[in-house]
Amino acid sequence: MCRIVGGFELKSNGLLDSIESMRDSMVAGGRDDCGLFIQNEVALAHRRLSIIDLSNHAHQPFVKDRYVLVFNGEIYNYKEVAQILQKDGIKCDVRSDTEVLLQSFMHFGVSCVDYFDGMFAFVVFDRVEEKLYLFRDRFGIKPLYYYFDSNCFLFSSELKGLFAYPSLQKNINKVALSYFLELGYIPAPYSILENAYKLENGHYLVVDIKQARQKSIKDSICKMEYYNLANFYNLEYDFDLKKFEKVLEKSIALRMVSDVNVGVCLSGGVDSSLVCAILKQAGYSFEAFSISFLESSFDEGIYAKSVADILGIKNHQFVCSINEAKELIYKLPSIYDEPFGDTSALPTLLLAQKIRQTHKVALSADGGDELGFGYERYFWANNRYKEHSKFRAFGFLLNILSPEISVLCLQKLGINIGVDKFLRIKNQLNAKDFLEHYLVEITHFRKEGLEANCLVPLNIDKSNMCDFFKQMSFFDMQNYLSEDILTKTDRASMSVGLEFREPLLGRELVEFMVSLKSSENLIVKNHKILGGKKIFKQYLERFLPKELIYRQKMGFGVPLESWIRGELSYLLEEIDSGYFNKNYIQALIFDFKNNKRVDFAKIWYLYIFSAWRKEWNI
């Protein structure tokens, strides 16, 4: 696991002088080694966290013949890929996945990624053709930003690497800001800065420097998709237990490949318990790590302890208290260097800090809810869409009066409803299709609130899937998983020099799960859908009692709202309403302070955006 940065300028404007400071702005993600390559106006730099091959053999930038590589991530099946290369007559040192990666690119070209199972963001510079090739893994586990203007093209693992470039134009992208206020994260390809982008998962970029000189940098960039998960979602296979066991066990085992000890995150939920159970069954020796809360309604610690005791695992449990949170909150804008609103970043950061005291690698268990329909919102959205169908023709009636007057009228009739809930119902009744209905379900700032602040609501490409559960899962795999969940774990772990790995995101496992009929993963009784993740849960029955498996899902919630209504109320004074409609924001904060119905996510997102602007002087 590492951090990479680099690019080129057409006219010298500070890149070569600042490339080392750009690299070292991300030193936390790679303290073991660093390197730099410069050829004319092109610079590539690297910070290394040594996990596989601890020797200097894998020092980066890695140069071989005409090619230079900077690489962040792991290719777990690199030994299998090396065997393929050797059969084709390519000599390959199997000590390092770095060398195997570059040899694969030299032999297969851009199609090399078709052979990889792993998490990666890497850049190859062809010194003869003068081309840069940028790649991001299939599911967006590792990040990769790029920025360009009329004079430069830059790439970086994090925005902070770009912030260290002295000529960077730091203008806020209002479309990205809108998406942040709606979702709590910024989906690819957007970033919070104008002219800066996230490379989407399953894509690569080719930048022709010769063409940039002759025409323009914009004309020199070609983006291509090399992997489309929708192709697998559109399949409708029946469940095959033997194949499931094979791809699950292989995915988990590959992510134990390391030259250092590997720990495991254990929440006590289905996914992390499944990973621990498979590892224990396979005979691996490992320790687990858990976070608990003093507030019982948020605490899963008792379940993590039960799982660890039953499986016979040593589990280290740490408490995320309000005092711990105080210190972590002020670190968020620096660690997550664009606005990031997922409150579970706080316990994730604390857990990463604790694990790093004894380990450099840990397994997480992200992706299970997307693969198995585990989110409760999937069932809320599905049920509400069916309930609303009988009223959809009358949705226009909710547009006659303003939301505030409509709510007052309803309250006088004895209907207890707030403005936000009214807007959700109104917008869902007016939704043109199911996915638009689902987006209303998961967004926080409604379009009315955005428009009041001169911002625009979310606009996404629609899938052609007729299955509602697959539509939601696909949207979340492409957006929520990569740009929220995996961003959260990547930044938290890298901030302390820890590598998080994702055993439920092996290529074969993901493709197997999303290719199944939705019914294979839904728990149904008397023709009523009760929940999801049937496959994982039934498999887990081999190891754990049903009362642990089929309990109410808790997620990784944080009692942040109660903290901010109490001891942390001073954070409300740090919200800067100047960037928005001041009256709208102040009214929102006033209502929150006076215990009126307010979606807390709105308050938190506004605080995070204000703190981020202050941190980065934007």
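Yeah, the Cβs are placed from backbone N, Cα and C, and that goes for glycine too.
Because the structure is a prediction, the values reported are computed rather than measured.
Taken together, the residues in the domain 'Glutamine amidotransferase type-2' (2-210) have a mean pLDDT of 94 on the 0 to 100 scale. For 2-210, the entry in TrEMBL reads domain 'Glutamine amidotransferase type-2'.
C2 (active site, for GATase activity) carries a strand DSSP state (E or B). Listed in sequence order, the residues of the same chain lying 6 or more apart from C2 (active site, for GATase activity) and placing their CB within less than 8 Å of its CB are G29, G30, H46, R47, R48, L49, Q60, V70, F71, N72, G73, S157. Annotation comment: TrEMBL describes C2 as active site, for GATase activity.
DSSP assigns D97 (L-glutamine binding site) to a helix. All protein chains shown were included, and the count of other CB atoms within 10 Å of the CB of D97 (L-glutamine binding site) stands at 27. For D97, the entry in TrEMBL reads L-glutamine binding site.
According to TrEMBL, the ATP binding site annotation covers I291. The DSSP secondary structure for I291 (ATP binding site) is strand.
Around D366 (site 'Important for beta-aspartyl-AMP intermediate formation'), the same-chain residues at least 6 positions away in sequence with a Cβ under 8 Å from its Cβ are D271, L481, I485, L486, T489, E502, L504, L505. As annotated by TrEMBL, site 'Important for beta-aspartyl-AMP intermediate formation' applies to D366.
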At a 10 Å cut-off from the C-beta of I291 (ATP binding site), count the other C-beta atoms across all protein chains. 25
I'm trying to understand the geometry here, so how far is the Cα atom of D97 (L-glutamine binding site) from the Cα atom of I291 (ATP binding site), in Å to the nearest whole number? 33
